[in-house]
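These notes concern the structure reproduced below.
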Amino acid sequence: MSPRPSASAAPEGGGGASTSRSVPTARSTPLQVIHILGNFARIWSVYSLYNYLSSSGDSMVGFIFSCLVPASVIFLALQKPWKGRPLPNTQVVPTVINGGILALYFVLWGKGLLACGPLVALLAEYAGAVLGVLSAALYGRKVNIWKKIGGLAAMLVAYYLLGNGWATRTHSPLYSFGSESLEKGTQVIGMKEMVVPLTAGILSALRRVLARRVSLKNQLKRRLHAINVASATCFLFPFAMWDTILGSASDSIVKLQFPSWAYLSTVLFGMVLIFYVDNVAEEKLHLVFSSPRHLMVSTGCIIVLEILYKMDFSLLGFLLCSVILGFGIFEATSLERSKKSPLEAHELSNGSFHNQLPISALPS
């Protein structure tokens with residue numbers, strides 16, 4: 001009786017761990033390329049959206065709503081949540097409520113994009129890693145709590161430097177070459193304006209946490225995401241109408257009916273494609289959003305687009321902020337890696353271990 005359990009346990013402990021380490025090297029290379037290209041397309045759509053709205057003066061909330069409408073139609077047409085096994089209310093109701101969080105995220109993210117620029121708005125999305133520190137302080141083990149607090153402090157330093165213009169050529173003390181003047185320099189953002197995009201980043205992470213806790217199955221997660229986006233569209237409708245009618249030019253509604261590159265790229269790349277790309281990266285590459293690896297990909301894409309769009313950009317200052325932010329995320333989301341296998345550490349960081357505790361460590 002004893003040899004059979006040991007034989008069946010071998011693939012899980014020894015062989016399973018070795019195969020999980022070997023998979024992300026060779027067979028996942030096309031998936032890594034898809035992940036990089038998908039994130040580049042999404043970040044490109046953010047820069048296009050910023051350039052369009054900063055020059056046109058259209059309502060940000062109205063524009064986001066007009067993008068959510070076709071995105072929700074696409075998700076509903078692709079996933080067809082009304083077909084197949086009926087979804088229980090225990091999954092539909094939290095998903096609808098999660099749509100309200102998604103709508104609030106889009107509002108704050110859009111306001112932060114216009115106030116702080118695309119670079120800061122994109123890096124502020126990684127502020128959701130603070131949920132890892134919060135969950136460790138409330139529900140997790142106290143062994144690495146000071147390590148997580150140190151990671152949180154490093155993240156705050158990175159965002160403080162970003163808020164004081166260290167990533168811009170105008171205000172960065174690290175930009176010492178090039179004497180030609182800029183046509184349009186940027187002003188220092190300040191930490192008060194940074195609160196809006198940072199709050200949006202935390203809400204985005206909270207939305208992903210709730211989505212994972214409702215369902216971890218890939219197919220069911222996609223069906224629920226279609227309901228999530230449709231719910232966010234309904235939540236955002238009254239605010240979009242109010243902001244469009246009272247806060248913008250009278251012809252802004254007519255403008256939004258004519259698709260532009262900013263509109264098409266936001267719908268296709270910024271909302272639809274990026275969901276499937278991040279979903280594949282999470283399922284196949286074990287690459288979650290708020291992770292140093294994901295930040296590395298975004299950093300490379302931001303550098304390319306900052307140069308192409310000729311933004312007020314300091315490469316050395318931006319790299320310094322990104323390195324500090326990546327170190328902070330690594331420490332804030334760290335686990336006891338020495339006592340756990342890589343697969344267990346990954347699943348715990350994603351919140352995939354339902355059997356560990358009634359409330360396990362929140363993913364970032």
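Cβ coordinates come from backbone N, Cα and C, glycine included.
All annotation found in TrEMBL is predicted automatically rather than curated by experts.
Feature annotations, reproduced from TrEMBL:
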- 1-11: compositional bias 'Low complexity' (COMPBIAS)
- 1-24: region 'Disordered' (REGION)
- 60-78: transmembrane segment (TRANSMEM)
- 90-108: transmembrane segment (TRANSMEM)
- 120-139: transmembrane segment (TRANSMEM)
- 151-168: transmembrane segment (TRANSMEM)
- 188-206: transmembrane segment (TRANSMEM)
- 227-249: transmembrane segment (TRANSMEM)
- 261-281: transmembrane segment (TRANSMEM)
- 293-309: transmembrane segment (TRANSMEM)
- 315-333: transmembrane segment (TRANSMEM)
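Contact counts against the transmembrane segment (227-249), taken as Cβ pairs under 8 Å, peak for 60-78 among the stretches 60-78, 120-139, 315-333. Here the transmembrane segment (188-206) does not lie next to the transmembrane segment (261-281) in space: the count of CB pairs under 8 Å, restricted to residues six or more apart, is fewer than 3. For the transmembrane segment (293-309), the residues of the chain that approach it from at least six positions outside its boundaries are 35-36, 39-40, 43-44, 47, 51, 118-119, 122-123, 126, 281, 287, 315, 318-319, 322, 325-326, 329, judged by C-beta separation under 8 angstroms. Contact between the transmembrane segment (120-139) and the transmembrane segment (151-168) is supported: at least 3 Cβ pairs lie under 8 Å, counting only residues 6 or more apart in sequence. Listed by sequence, the residues of this chain that lie at least six past the ends of the transmembrane segment (261-281) yet keep a Cβ under 8 A from its Cβ atoms are 31, 34-35, 38-39, 41-42, 44-46, 48-49, 51-53, 63, 66-68, 70-71, 74-75, 218, 221-222, 225, 229, 287, 289, 294.
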